[in-house]
Amino acid sequence: MCWPLLYPLMLGFSISPAECQTPSIYDDVESTREGQEASLRPTVELNESKSPDKPNPRGFPGKPCANNSDTLELPASSEALLLGWVPTRLVPAIYGLVVVVGLPANGLALWVLATRVPRLPSTILLMNLAVADLLLALVLPPRLVYHLRGQRWPFGEAACRVATAALYGHMYGSVLLLAAVSLDRYLALVHSLRARALRGQRLTTILCLVAWLSAATLVLPLTFHRQTFLLAGSDRMLCHDALPLAEQTSHWRPAFICLAVLGCFVPLLAMVLCYGATLRALAANGQRYSHAVRLTALVLFSAVAAFTPSNVLLVLHYSNPSPEAWGNLYGAYVPSLALSTLNSCVDPFIYYYVSHEFREKVRAMLCRQLKASSSSQASREAGSRGTAICSSTLL
């Protein structure tokens with residue numbers, strides 16, 4: 001993995017002073033006239049026609065105000081994209097849907113998997129996937145509030161770093177867990193004889209630990225640098241959407257490209273290979289497994305459709321496009337990132353509720369809960385009537 005080599009860059013240390021050193025506010029004073037003129041010229045400038053051979057910033061490129069480093073100035077075009085109806089209406093609507101649907105769906109699925117289903121290797125993987133989707137629904141409300149309030153973050157710097165890392169951590173953790181599920185199903189269906197020796201709780205536990213630790217390692221750099229800045233000329237405290245140009249150009253470009261490649265493209269490639277071999281094995285049996293073929297194709301399509309667009313836009317954002325495309329690419333990336341979270345609502349229905357046995361267990365469990373609550377309510381009503389009779393007798 002290339003992340004250990006990138007940590008010095010992400011912490012702000014430079015490997016090549018000529019390329020990565022963060023410029024000071026003013027150049028050193030030289031003895032020549034050119035040096036004297038250069039010493040009075042700020043090196044941190046906001047120029048929409050910036051040379052395309054320089055790395056692009058993460059998010060919208062912001063220019064720190066001369067008298068306040070906590071405030072960023074944005075070009076008018078970037079500010080219009082940042083405050084438009086897509087990030088302030090569409091994105092919070094998507095996040096709200098994820099919370100409303102994903103929280104009960106994944107919570108119920110996790111409950112059934114943990115209490116009513118035999119602890120098989122596939123069950124452990126699906127439980128971890130349900131936990132990841134459930135955690136997303138729990139950490140999304142702050143970002144929902146942020147977008148609904150017109151890009152105003154009220155929870156402080158630490159909460160912004162945690163919320164940003166959690167959002168990206170869910171994305172890449174989910175992709176890694178989905179890749180582990182595809183490997184498990186490949187072993188079970190294509191190598192069914194060997195699977196008895198390979199598929200065990202030990203291998204499953206290792207796969208889950210690798211997925212969680214890899215996701216945490218990939219998003220850890222997001223907690224190293226400041227993420228909240230005040231938008232110049234307004235009361236909007238931005239969270240991760242606009243960052244200083246000079247502080248981001250040296251390390252965020254390799255960091256986020258590595259994040260997209262290792263956290264998304266490589267696991268998705270593994271899923272395509274595993275599910276491709278699984279589909280061939282199922283299709284060889286004709287109509288006998290037609291339902292399994294359709295379901296496997298749906299699982300693969302949903303994962304690719306959910307995670308590919310946002311990560312492709314992320315890579316394009318760092319591939320030195322024309323200066324006019326910087327804001328447009330990030331403006332498209334924000335809703336595509338929100339759309340990727342919809343996968344947490346889809347997972348329960350294509351992995352759990354599609355199974356007739358699973359639905360029966362859910363139905364039986366809900367019926368027992370309803371009967372228990374009805375009997376408890378009836379006993380309380382009977383007790384209250386008895387208390388009323390005793391009270392009237394005493395009177």
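Every residue, even glycine, has its Cβ placed from backbone N, Cα and C.
According to Swiss-Prot, the features are:
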type: SIGNAL; residues: 1-16; note: signal peptide
type: COMPBIAS; residues: 47-56; note: compositional bias 'Basic and acidic residues'
type: TOPO_DOM; residues: 59-93; note: topological domain 'Extracellular'
type: CARBOHYD; residues: ASN67; note: N-linked glycosylation site
type: TRANSMEM; residues: 94-114; note: transmembrane segment
type: TRANSMEM; residues: 120-140; note: transmembrane segment
type: TOPO_DOM; residues: 141-161; note: topological domain 'Extracellular'
type: DISULFID; residues: CYS160-CYS239; note: disulfide bond
type: TRANSMEM; residues: 162-182; note: transmembrane segment
type: TRANSMEM; residues: 204-224; note: transmembrane segment
type: TOPO_DOM; residues: 225-254; note: topological domain 'Extracellular'
type: TRANSMEM; residues: 255-275; note: transmembrane segment
type: TRANSMEM; residues: 296-316; note: transmembrane segment
type: TOPO_DOM; residues: 317-330; note: topological domain 'Extracellular'
type: TRANSMEM; residues: 331-354; note: transmembrane segment
Lying 6 or more residues past either end of the transmembrane segment (255-275) yet within Cβ distance under 8 Å of it, the residues of that chain are 1-3, 6, 9-10, 58, 168, 171-172, 175-176, 178-179, 182-183, 185-186, 214-215, 218-219, 221, 296-297, 299-300, 303-304, 307-308, 311, 314-315, 317-318
Tertiary contacts of the transmembrane segment (296-316), defined by C-beta under 8 angstroms and 6+ residue spacing from its ends, are 171, 174-175, 178, 182, 185, 256-257, 259-261, 263-265, 268, 271-272, 275, 278-279, 282, 329, 332-333, 336-337, 339-340, 342-343, 346, 350-351
Of the listed stretches (94-114, 162-182, 204-224), which one yields the highest count of Cβ-Cβ distances below 8 Å with the transmembrane segment (331-354)? 94-114
Same chain, |i - j| six or more, Cβ under 8 Å of CYS160 (disulfide bond); the result in sequence order is TRP153, GLN227, THR228, CYS239, HIS240
Report, as numbers and ranges, every residue of the chain located at least six residues beyond the transmembrane segment (204-224) whose Cβ falls under 8 Å of a Cβ in that stretch; write 'none' if there are none. 3, 6-7, 10-11, 121, 124-125, 128, 161-162, 164-165, 168-169, 172-173, 176-177, 179-180, 183-184, 255, 259, 262-263
What is the average pLDDT across the topological domain 'Extracellular' (225-254)? 78
Who are the long-range neighbours of the topological domain 'Extracellular' (141-161) in its own chain, taking Cβ under 8 Å and residues 6 or more past its ends? 82-83, 87-88, 91-92, 95-96, 99, 167, 222-223, 226-228, 231, 235-241
Across all chains shown, how many C-beta atoms besides its own are within 10 angstroms of the C-beta of CYS239 (disulfide bond)? 25
For CYS239 (disulfide bond), name the DSSP secondary structure in the helix/strand/coil scheme. strand
